[in-house]
Amino acid sequence: MQKEVKMITKKIIVDQSYYNDKVKRLGEVIRAGGLVAFPTETVYGLGGNALDKEAAKKIYMAKGRPSDNPLIVHVADISEVSTYVKRILPLEKRLMEAFWPGPLTIVFPKKDIVPMATSGGLRTIAIRCPAHEAARALIRAAGVPIAGPSANISTKPSPTTADAVLHDMDGRIEFVIDGGDSLIGLESTVIAVENGKIIIYRPGGITRDMLEAFAPTELDTAITAEQEHPKAPGMKYRHYAPSAPLTVYAGNIEAVESEILSFANKGKGKFGFFVSQETAEKIPAGNIIFVWGRRGNKKELAHNLFQGLLFFNNHPVDHIIGEGTDGGGIGMAIMNRLTKASGTHIINMN
């Protein structure tokens, strides 16, 4: 009997020029139907040829992702979008010009050149232009748009470093490009333009307030059930689940701190704590704590969010006790991720 050969995933460190021989070679891998994980300013993506249905199927298989959950398509420049979509509205064009390259994904009606496997069976496609130069260099080298969901096992926290990608994807994909830590640490904002309004399907680094400057903006509050078809990436299934159950306390700071400290005194090693610096300073020594940032610095909280959830892979506990934040600005995106990571187990202490 022939022995099965396990794939070895290679980590490729790119230099500051980005468009070098290494990236050119990885572009060839994408074009040939292979998979390459790559850095973006949001999180690391798992890249494949967006125009190749077999490559899309490989992405779903590598992640263990349901095939009706659409993939985001990455382009290197605004000028490429018209090749893949049926129309671009004036408001969509203004949003692209304002926020691209950057963490905004826009849902368009797609042309047939984009296979249904990439769109999760939808007649629409979600497209963005990433701000990370290495990502755009890879797209240019491939000569095709790159489908790129987060480079992690489905339902697990999204990776913000190449090593976090390897934790989940080693042996499942050919290469991962190491481009350093993701700057933002949360996935992109996903929107659609409908009847002159902006509809947020998934909150992210581009906040509601920022979008309101262009048009009336609404948050799609639909909770997509297991049997329903999601409208866009990030709307279906439990996401971001850490290695232990997570309960998040939010609201009145004094009440939140009091509740968290009560768990800290119940048994060291049983609970892990995912909390602000201010709360961490009050937790007795000997507890397992991830300090995810200062309360007033939401960019810091966003940047460290997934690193904190992954921290407990190497520091096992029975239950994770988390501290939430308010929903203003990027806080909406942070609480969206924590709600999904906890299986909606958010306790409001107001």
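The backbone N, Cα and C atoms fix where each Cβ goes, glycine too.
Straight from TrEMBL, the features:
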- T42, H74, R128, S188: L-threonine binding site (BINDING)
- R65, N69, T124, S150, S158, R202, Y240: ATP binding site (BINDING)
- 20-206: domain 'YrdC-like' (DOMAIN)
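Closest to H74 (L-threonine binding site) in space, going by CA atoms and restricting to the binding-site residues R65, S150, S158, Y240, is S150. Fewest other C-beta atoms within 10 Å: among the binding-site residues T42, S158, that description fits S158. On the 0 to 100 pLDDT scale, the model's mean across the domain 'YrdC-like' (20-206) is 96.
Within the same chain, residues at least 6 positions away in sequence whose Cβ sits under 8 Å from that of Y240 (ATP binding site) are T155, K156, P157, S158, F306, L309, R337, K340, A341.
Other residues of the chain with a Cβ within 8 Å of the Cβ centroid of T42, H74, R128, S188, the L-threonine site, are T40, G45, I72, P103, L104, T105, C129, P130, G148, E187. Other C-beta atoms found within 10 angstroms of the C-beta of N69 (ATP binding site) number 21, with every protein chain shown included. Cβ environment of R128 (L-threonine binding site): I72, V73, H74, V75, W100, G102, P103, L104, T105, I106, S188 lie under 8 Å away, each six or more residues apart in the same chain. Neighbour counts were taken at the CB atom with a 10 A radius for the binding-site residues R65, H74, R202; the maximum falls on H74. For the pair T42 (L-threonine binding site) and S150 (ATP binding site), the Cα-Cα distance reads 9 Å. Classification of S158 (ATP binding site) by DSSP places it in coil, neither helical nor stranded. Residues T42, H74, R128, S188 are the ones the record ties to L-threonine, and the longest Cα gap between any two of them is 13 Å.
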